[in-house]
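Colleague: Questions regarding the structure given below will be posed in turn.
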Amino acid sequence: MHDHNNTHDHIDAHGQPAADSLTKEDVFVLSDAERDAIEHEKHHYEDARAASIEALKIVQKQRGWVPDGAIHAIADVLGIPASDVEGVATFYSQIFRQPVGRHIIRYCDSVVCHINGYQGVQAALERKLSIKPGQTTFDGRFTLLPTCCLGNCDKGPSMMIDEDTHSQVKPEDIESLLEQYQ
């Protein structure tokens, strides 16, 4: 039996509810605090597009990541096309477009860190966390991400956990480092 009261009867080509069948609950809404903070940032710039990165950071700080709906909501507040906000969001690797762990681990996989042995650090991280690069631990504690360079080449191999840079990391350091981040 088909439920005609289902608001998701209309499905688009991507398997998502069609725009004409979305309910109020399906639409992304910025919190008042997010909207106010974005408005505040907008007034610091002559061109509202320049506030896009700060607006994305505001949403990410509150939610941990930037859902697709936030792109349109940010664009509405800034008065710019959503494609402009999307372009900024996809360009910056610090903006997360899918849910991530409470702590983000970035390990450098540049040529210099390769020479200094980042592969052992990567293997130790994968072993300890039971995940591969780009994945998040089952408990949502850590997300593991390779990055091209952390700007710490003279002290490699390097990695960051959240905003903390760790230099000359050895595989045997991994367990004690991770214990610092609950």
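Glycine too: its Cβ is placed from the backbone N, Cα and C atoms.
Automatic, uncurated: that is what TrEMBL annotation is.
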Colleague: According to TrEMBL, which stretch among 1-20, 161-180 corresponds to the feature region 'Disordered'?
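Modeller: Spelled out, TrEMBL records region 'Disordered' over residues 1-20, not the other listed ranges.
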Colleague: Can you check what DSSP calls C149 ([2Fe-2S] cluster binding site), collapsed to helix, strand or coil?
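Modeller: C149 ([2Fe-2S] cluster binding site) sits in coil per DSSP, no helix or strand.
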Colleague: Return the residues near C113 ([2Fe-2S] cluster binding site) by Cβ distance under 8 Å, restricted to its own chain and a separation of at least 6 in sequence.
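Modeller: Within the chain, C113 ([2Fe-2S] cluster binding site) has Cβ neighbours under 8 Å at Y107, C153, G156, P157, S158.
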